[in-house]
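Reading through the structure tokens given below for one structure.
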Amino acid sequence: MTVSFRPTADLVDDIGPDVRSCDLQFRQLGGRTEFAGPISTVRCFQDNALLKSVLSEPGGGGVLVVDGGGSLHTALVGDVIAELARANGWAGLIVNGAVRDSAALRGMDIGVKALGTNPRKSTKTGAGERDVDITLGGVTFTPGDIAYSDDDGIVVAVGD
């Protein structure tokens, strides 16, 4: 499902006080600074095997929200996984954790937001959960809802 991007500030103005705007401050690290799409989720801690498996599937213009527990100890996404996501049609990634290969990510046509960077690799045991509600920055990211992301922040709207 392709979602037309709308600036987050415009969405906030339209929705009003009930807006679901994420308070957590993410760094803009991908080459695409504006992205929107249906939400899919992964919860994993310092292990990116499940995340890579999900991004190996067709993304259909979706946004993968990754709850890495806020850990900056290891990177959950690097250039190889981001390219896999881009090639499979994902619009963007929102990572509550670290990424690496930031110079390469800036040159890729995919949205990537994360808390920070760390060159250290994660483990690859496959631990984690997918398609679960994830709450970050006062907002619950529910699979099937729509995430809008730009330089001003992230807004979540109810999906169809």
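Placed from the backbone N, Cα and C atoms, the Cβ positions cover glycine too.
According to Swiss-Prot, the features are:
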- G78, D79, V80, I81, R100: substrate binding site (BINDING)
- D101: divalent metal cation binding site (BINDING)
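Close to the residue listed as 'divalent metal cation binding site' in the fold, though at least 6 residues off in sequence, lie G78, D79, V80, A82, each with a CB less than 8 Å from its CB.
Look at G78 (substrate binding site): DSSP puts it in coil. Close to the recorded substrate site, the chain also has A75, V77, A82, E83, V99, D101, A104, L105: residues not among G78, D79, V80, I81, R100 whose Cβ is within 8 Å of the site's Cβ mean position. When the binding-site residues V80, I81 are compared by the number of other C-beta atoms lying within 10 angstroms of their own C-beta, V80 comes out lowest. Taken residue by residue with DSSP, D101 (divalent metal cation binding site) is part of neither helix nor strand, so it is coil. Around R100 (substrate binding site), the same-chain residues six or more apart in sequence whose CB sits under 8 Å from its CB are A75, V77, G78, D79, T117, N118, P119, R120, K121, listed in sequence order.
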